[in-house]
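*Asks:* Sequence annotations record features per position, and here Swiss-Prot assigns Zn(2+) 1 binding site to C38, H63, E64 based on sequence analysis. What Swiss-Prot lists as active site, charge relay system is T40, H43. Residues or ranges marked as Zn(2+) 2 binding site in Swiss-Prot: C93, C96, C99, C107. What Swiss-Prot lists as NAD(+) binding site is I175, D195, R200, L262, G263, I264, I286, Y287.
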Amino acid sequence: MKSLVKAKKEPGIWMQDVPVPEYGVNDVLIKIKRTAICGTDIHIYSWDEWAQATIPVPMTVGHEFYGEIVEVGKEVQGLKVGQRVSGEGHITCGFCRNCRAGKRHLCRNTLGVGVNRPGCFAEYLALPATNVIALPDNITEEQAAILDPFGNAAHCALAFDVVGEDVLITGAGPIGIMAAAIVRHIGARHVVITDVNDHRLELARQMGVSRAVNVKYQKLSDVANELGMLEGFDVGLEMSGNPMALNDMMKAMNHGGHVALLGIPPQETPIDWNQVIFKGLVIKGIYGREMFETWYKMIAMLQSGLNISPVITHNFPVDEYQHAFQIMASGQSGKVILNW
């Protein structure tokens, strides 16, 4: 089958023919229809320090997908051939304390599809049935292809109560933009998003934010004053991994504020702990999606009218994957979809 493979320990992705994956008695085989390129895939494509330390070569990459079930393992229940599906890309062990307690997103033995095991940038994907999400008919193929990153956004945006609250989002990548749409949809008052990328800030404006702020030219304190905010932000969602953005958020938070951290800053990032301690900030790390409450909530939000379509900016046939990766890496895009 056709597959996009990290075939060499150097920058790039290569299209190769690989065997159709075998599937076990508790797995399903999925015919891939659409995939989306993630920031993780760009790290692998660029072959940065994280990728070099993490990715076995060769490896079929990718973990964001929509497809249809074509084969079902003999022990699988509740799924059938022909169903429209997406899937959870974190494969958990099922035996650790957190898995047994129903907190699979905290499994210490998690394996990533397209990172530690063959991914979805291929004509077929084998996936444990417990990770497969059957889709309602009113979820489109494009929406289904980006449910994984939408789930990151939902996990972060739903970490704290945002109804009537003022929310600051640092980082206007696709996940940050979708988080902005979520908190607006569920009742936040002011939603401010920051970045230095004007293209992505414009996408955020299309998603209904109160202010999309280029911090190269405008101060957060000035924006807060314009909005009539006298006490700072109630909830912060840090999506960028940028040390300056992280510390700007801490300064902008109200006393007793809540901060969810999804972006991964460099290990040596200094933090002004005085802001955290004397303001009594509550900080929560966010990784992946809650299994499977986040999936339920995000599909329900789409069904209730949440529109995330503006974040999808490019569609390419899979044979144009090199151009698609270059566009995604440029930062001048939202989500980029490959059609198989």
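From the backbone N, Cα and C atoms, a Cβ is placed for every residue, glycine too.
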*Asks:* Report the largest Cα to Cα distance, in Å and rounded to a whole number, among the residues I175, D195, R200, L262, G263, I264, I286, Y287 that the record lists as binding NAD(+).
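*Replies:* Of all Cα pairs among the recorded NAD(+) binders, the widest measures 23 Å.
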*Asks:* Within a 10 Å radius around the Cβ, which one of these binding-site residues has the most neighbouring Cβ atoms: C38, C96?
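*Replies:* Result for the most crowded candidate: C38.
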*Asks:* Counting other Cβ atoms within 10 Å of each residue's Cβ, which of the binding-site residues L262, I286 comes out lowest?
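*Replies:* Output over binding-site residues L262, I286: least Cβ neighbours within 10 Å is I286.
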*Asks:* Taking the Cβ of Y287 (NAD(+) binding site) as centre, how many other Cβ atoms lie within 10 Å?
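*Replies:* There are 14 such Cβ atoms around Y287 (NAD(+) binding site).
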*Asks:* Which of the three DSSP-derived classes (helix, strand, coil) applies to R200 (NAD(+) binding site)?
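*Replies:* Once the DSSP labels are grouped into three classes, R200 (NAD(+) binding site) ends up as helix.
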*Asks:* Return only the integer: C-alpha distance in Å from R200 (NAD(+) binding site) to C96 (Zn(2+) 2 binding site).
*Replies:* 40
*Asks:* Between C107, I175, which of the binding-site residues has its C-beta surrounded by the fewest other C-beta atoms within 10 Å?
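*Replies:* Counting other Cβ atoms within 10 Å of each of the binding-site residues C107, I175 gives the minimum at C107.
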*Asks:* May I ask for the distance between D195 (NAD(+) binding site) and C93 (Zn(2+) 2 binding site), taken between their Cα atoms and rounded to an integer number of Å?
*Replies:* 37
*Asks:* List the Cα distance (Å, whole number) between I264 (NAD(+) binding site) and T40 (active site, charge relay system).
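*Replies:* Pair distance, Cα basis, whole Å: 12 Å.
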*Asks:* Relative to the Cα of T40 (active site, charge relay system), which of the binding-site residues C93, C96, Y287 have a Cα no more than 10 Å away?
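*Replies:* Final answer: none.
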*Asks:* Would you say which of the recorded positions T40, H43, E64, C93, R200 has the most Cβ atoms within 10 Å of its own Cβ?
*Replies:* E64
*Asks:* Taking each of the binding-site residues H63, C99 in turn and counting other Cβ atoms within 10 Å of its Cβ, which one has the fewest?
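*Replies:* Across H63, C99, these binding-site residues, the one with fewest Cβ atoms within 10 Å is C99.
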*Asks:* Applying a 10 Å Cβ distance cut-off over all chains shown, what neighbour count does I264 (NAD(+) binding site) have?
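*Replies:* Other Cβ atoms within 10 Å of I264 (NAD(+) binding site): 13.
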